[in-house]
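Colleague: Quick one: the structure is below, and I'll ask about it shortly.
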Amino acid sequence: MANRLDAMNPTMNSTPSVSQATKAGSSAAQPANGNVVKRLQSELMTLMTSPTPGISAFPTNDMTKWNATISGPSGTPYENLTFKLTLSYPANYPIAPPEVLFKTPIYHPNVDFSGRICLDILKTGGQGREGAWSAALNTGSVLLSIQSLLGEPNK
């Protein structure tokens, strides 16, 4: 009887079933939890108080969606150019890496026409999968790695 009442009045508090919890845990559009937001706020403060030359990043209205800029490294074809990127942080950040995309069109062997970047640290590793993402990495180190990739492409 209680299940029928819960179905009729979804605002009542009820314990979710295992299948409901599994669906909620695997949802791609999950809201960020408080730990993710705290981590991102800490990273933002670090970027603001100890800026790296040629790199900047700030959140949009959503703390899990950031806009970033990278200056092209000197001595490369990208010198004196500024590139815009977007970073999208998953609900399980920093366990999983952010999705980083170039928004400024760029011709580079490690960037496809959609702006996706082929870089090991942007891939989750573990259990037979290649990838070098680590929870010890942060937004600043990701952007610095991308800036370095512009000057030294992977082969």
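Using N, Cα and C of the backbone, Cβ positions are placed for all residues, glycine too.
From TrEMBL, here are the annotated features:
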- 1-34: region 'Disordered' (REGION)
- 10-33: compositional bias 'Polar residues' (COMPBIAS)
- 35-155: domain 'UBC core' (DOMAIN)
- C118: active site, glycyl thioester intermediate (ACT_SITE)
Colleague: Mean pLDDT across the domain 'UBC core' (35-155), rounded to an integer, is what?
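Modeller: Here the mean pLDDT over the domain 'UBC core' (35-155) amounts to 93.
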Colleague: In sequence order, which residues at least six apart in the same chain have a CB under 8 Å from the CB of the residue listed as 'active site, glycyl thioester intermediate'?
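Modeller: Listed in sequence order: N110, V111, D112, N154.
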Colleague: Mind checking how the domain 'UBC core' (35-155) divides into helix, strand and coil residues in DSSP?
Modeller: 31 helix, 29 strand, 61 coil
